[in-house]
Every structure is written in C-alpha cells, then in structure tokens.
C-alpha cells in the first residue's frame, strides 16, 4: 500500500493553507468590525446593562439551535461561502437602517442572530477543514497562525477601525463589514477537493455510503456525550464560556461609564486584549518546549480568571487595558494548546460534527451568562467581571485532571507515525 500523504492533513502548509488563511483573515476583519460596531450602536440606543447583554444572548443563541446541525454539513467550503453571502447582505441591510436613523435594539438583536446563525456554519466548517490542509505535527503551528491572524485583524485591526468609523457615521463600519465578508467568499474559491468534503469513515472503506444528515448529527452528539473525557472537556469549556459571557457584553458600558474611554477610542481599548493575545498565540508553541502542556493550559485559564476580576476592579482606563491585555494573552495561549489537543484526540471524520456540537453547548448556553452579567451590571458594572473571574479560575482548578488526560492522549497521537507509514 502506498504511504498516505496526510494523517489528518497534508505534509506541509502550502498554497491551499495560505488561501484558507487569507479567507479567514478577511472574515475575521469583518467580525472585528461587527462585534465592536454593534455594541457601540447598542450603547448609543440604551444604557441598560441587561438590554445591552441581550445582544450577546442573540449572538450565541444560534449555537444552541444550529450548532450540531452545522457540523454535519458535508460540503464545507460551499457552506462557508453561502454563509458569507447571507451575513454580508444582512449587515449591509443594517447599515442602511442606521443611515436612515431607523435602527433599534430589536433590529440589532435580529441582525446579530442572523449573522451568528451563519457563523455557526462558517466557523464549524473552518475548524473541520484545517486538519485536511496541514500535517498533524504542524497543527499547533497552523492554529497559532490562524489565531494570530484573527487577533491582528479582528481585535487589533477591526475593533479600532470600527470605533474610528463609528465616530464618522454609525452606518460606515457596518458597510465595510459587509464587504469584508464578501471578500472572504471570493478567497475560499479554489481550495482543493480534499478540503471541501468530510472524509469517509476509514473503517467502512472508500465506497461506504454517506450517512443521512440526521444520523450525522446524532453521531456527533453520541460521541461527545458518550466519551467520558470529551464530556468532561465539554463541561470545562461550558464553565469558562458562561463566565466570559457574563462579563464581556457589558464591557462597552464599563469602558465608557466607569473607565472614561471615549467612543472613538473604544476599539483601541478592545484591541488591548488582542495585543496580549498576539503574545499568547506566538508564545504557546514556544512555551511547550520548556513547560508541560497540561500545566500551561490550567495555568493560563487561572491567570485569565484573575485578569477578568482585575478588570472589574480597575480604577482607570490604563489599568483596565492592562488587565484586558493579560486576559487576552492567557485565554489565547490556553485555547491554542487545548484546542490542538482536542483536534488530535477527535477522529477526523467527526471533527465537524464534534466541533459543532461542542459549540452548540458552550456557546448556546452562553446567553445564560450574558443575562446574569446584565443583571449583575445593574448593581455595579464591575461585578460581572469579578464574578466571571472567580468562576473561570475555579473551573481551571477543577479541570486539572481532565486537561492532563487530554494532553497525554494528544501527545501519544502526536508522536505516532502517520497512518500508512508505520511498519
């Protein structure tokens, strides 16, 4: 038998990965503009923390409703392109409403829900495509490059740009956002056929018939909830996600009302997290040379929890930005390492379904954190951040054994020879 060219990916990250990275970067720039401009529009319409937190609930509710189904889509690239076209049209429609002075909170909720319904398809497919483009021993590096690109464009580029454009006209960042999504659609064209479709089950043979869509969804659910380690990782991710979303939706109010950040500079304040996250993305592969991966993951999330609490207690914009930067660095480093481990210990044919189901649970239940944070914010704008920090740090401590086992399994797979080359 001829040696297989890839074990979950190609031998190297060449032109297909570069094209995929460029498309991801364009989409991330659009995301950065959207996720900064929409809260700014909301803050201009209301100062009620609960109403603003409702925008985050609309952002994550699609993952609960559609996450598992999105992971079962077979033609991944075509699904990503269709999602990009729809969210571009919706955002440009909101820009027209803003230009006419007709925007409302209900319109924001509807647009956020629709955009994120498309994101469930786009992001789930993107995560499943990556192992088909790079070799498994380069997966951490590829994830790091994608995360670095996301941070530079989404948080470090899109967020400040949105604030500056919003200072000119509320509709302007939304129009640019829609064009960014369209650019990503164009760049996705031409990716190889091996990246477009979910691989068949190797045990069933190349000629095995494709399972029904509903069966694919059920299989993803059964895999995550039936495997004790995957189930434990899911619960840890849920705890962290609920904690983060208790704090983040009211960040725009904390920054403007408590820390005195001008609206034009809010995007730069958000970008402080990206500055730290860039260091986290670049440092994650390097730190594994000197420290155990499991200890790094747990330590990163504990640090992120402390930084969140520090942001809630900050007395100035500079202290708040420093805490936000540390939070970004810690979360990014931890997410890259544990995310790469999860990709390795998940069968390639189930990556899309498992990723969609995982996000269905963690992001789908995040609105509970957002609504709780909104209620806490009515008491004190710093309280959601302190509560979130305590929760995230507690989850990090409780999850030490689970993280250690996941990393051990991933290390065994990483050291094994590619399938077809052993013996």
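Even glycines carry a Cβ here, placed using N, Cα and C.
The transmembrane segment annotation in TrEMBL covers 50-73 (among others).
The annotation transmembrane segment is assigned in TrEMBL to 85-109 (among others).
Look at TrEMBL and you will find 161-189 (among others) tagged as transmembrane segment.
Residues or ranges marked as transmembrane segment by TrEMBL: 232-254 (among others).
What TrEMBL records for 266-287 (among others) is transmembrane segment. Sequence-distant contacts of the transmembrane segment (266-287), counting only residues of its own chain at least 6 positions beyond either end whose CB sits under 8 Å from a CB of the stretch, comprise 36, 40, 140-141, 144, 147-148, 151-152, 154-156, 158-164, 166, 251-252, 255-256, 259, 296, 300, 317, 320-322, 324-334, 336-337.
Per TrEMBL, transmembrane segment is recorded for 294-315 (among others).
Positions annotated as transmembrane segment by TrEMBL: 321-339 (among others).
The transmembrane segment annotation in TrEMBL covers 360-379 (among others). Residues 48-54, 56-58, 60-68, 120, 224, 234, 237-238, 240-250, 253, 387-388 of the same chain sit 6 or more residues outside the transmembrane segment (360-379) yet have a Cβ under 8 Å from a Cβ within it.
Residues annotated as transmembrane segment in TrEMBL: 385-407 (among others).
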Report summary line: Other same-chain positions with a Cβ less than 8 Å from the transmembrane segment (85-109) and lying at least 6 residues past its termini are 30, 34, 38, 41-42, 45-46, 51, 54-55, 58, 115, 118-119, 122, 169-172, 174-175, 177-179, 181-182, 185
